[in-house]
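Notes for the one structure printed next.
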């Protein structure tokens, strides 16, 4: 199949015609150039921004085990609609993705669904129990070719276990993605610890519980000369620690989630658990620090931490509710609002933080490539004009726990191409 | 008055004073041989208790019955760990039964807020204590008790001593007493003061001996022994050390001004935060607080339910 994306603004630049054939970009011609022979299907991309297909380093697809919340099919549909061509599926499934068998199953489910590529994340420890290393090598050597390892949802808090994990993954160029949360400091924690948590009577999740672990892990990564990735950085202090580690030249990368770039802990005053997430929504000061850190490169990437939960797990007391919020379908709009429309980064900067760099961290060869002749045709066409009001009932995800319901967000994904094949056209699944 | 009472912050000064004045009128009822008014005849008040609290429940029950309301006690006992029927399904059941007011005690902070704002029930919701958040009728009865002893609370100094961190009584009192013009000082070891307490508009102190001589009233809070253990948070080293540094004994009581009263929301742990001789002394108004509790809860139910009339005979 051949496609001509006419008049697309590559990385927000001047209009170009992008030709795609057999899964590869065959030409990128500036200006409204002539039509290639052989009648390609023409997609009118006038005014649309063309970005490389987005890559999410942090997605919960819930399958196997919680197919009532999300499946690989529905989760990757949501991903495609959000402009993603690759997602990393977190390991906290049931059974846990801690063996070659489970990661291969998830990988295969992704291939069968076909909406975007699924790269399973392997658990660092057996059953996420934090006691002994899972068979990281077997997962790395499996058909799923796992390179990112994480106990996400739980912190690898044992220092020696974290050290061994960082050391061990060097053998296959892996990375340990840490959910930084000192467990003893956060027993029963419900929301950001601050004046509001005291007033609301909700147990606090102090910033130091995140920052102390990040600082330790940066030092460990430096000591064993390995690669550390810090998941969902949420505090101003964490940004400072990562900035320091980078200044030292250590191999540390970090991600921020869209919700931490937009929302603050004030929303907890509603006691509506749709705003309950881990790490929690923080203060306006933290939000500003994350935006600045993402703009200046301290925070390398945006990752969604898309965390579907069935309705009954959110339609209850805050304390009983599950942590997490949807993110795949709204990520690009939130990044536009918080980073592009504010002038902090341009569209090339978005491509860097949502495609090129996450692909590099995950060691993906066919994603996060430039939009240029001969490159794999993984692309998203995005309309930054206009806005839409988010409707929780309209999610492709099986779950509805979007914190943006009723909120007006800018822009919309018009089309997504995975290896030259549209997964989304006219804003709908193709 | 408004439809719900979820937080002491819901009440502005005129509203709070209206509750106290109404309670004062209703209190005289307690001295009569027939302690009953027909004000809420035909109305249904549900006491929905997700947490054991005999004294609060019987106080609300007595209040509702003295106003001739029908009372249903619904003890949905549960913990955050045991997942039984959800709050939503319980609420829908009560709605189907036609409750006019739901008095809710819950272990989760914000549960009354959820009940009032979820659209599950049309009834008035009264917070009878939620998690470590608030207990507004306790604050109202405390204010009422203080008002009877001290008159206007303007400029009065109230010391609240004990486990402020976990106390819904302290939160509601800090809010309400400020609204009524009092100056509140929270006294606790630093581990038992919440982060961000500076923003509450109250004074704080770690030194009970410095605060007591200036106080017009001293409110002692219960301190649970399990807070000592590491599982409980390890907030202080021992009961003995706590008592020595923060407990109210006769030596400390001797430093109080002549008119100063001693309060406790109950249940007390004698020998921990308060010694028996203090609890039983002439300064103690602890038993009176219980009597006032019924009057204040009558006032709250009366004002909430007579506002949205559907057969009330007030």
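Each Cβ is built from the backbone N, Cα and C atoms, and glycine gets one as well.
From the candidate list B:27, B:105, B:240, the residue TrEMBL records in the carbamoyl phosphate site shared with B:55, B:56, B:135, B:138, B:266, B:267 is B:105.
Ranking the binding-site residues B:266, B:267 by the number of CB atoms within 10 A of their own CB puts B:266 at the top.
If you compare every pair of Cα atoms in B:55, B:56, B:105, B:135, B:138, B:266, B:267, the residues listed for carbamoyl phosphate, the longest distance is 16 angstrom.
Contacting chain A by the Cβ rule (under 8 Å between Cβ atoms), the binding-site residues B:56, B:105, B:135, B:168, B:222, B:266 reduce to B:168.
Among the binding-site residues B:56, B:138, B:266, B:267, the ones whose Cα sits within 10 Å of the Cα of residue B:222 (L-aspartate binding site) are B:266, B:267, in sequence order. Other residues of the chain with a Cβ within 8 Å of the Cβ centroid of B:55, B:56, B:105, B:135, B:138, B:266, B:267, the carbamoyl phosphate site, are B:53, B:59, B:128, B:129, B:169, B:265.
The secondary structure of residue B:222 (L-aspartate binding site), as reduced to three states from DSSP, is coil rather than helix or strand. Taken residue by residue with DSSP, residue B:105 (carbamoyl phosphate binding site) is part of a strand.
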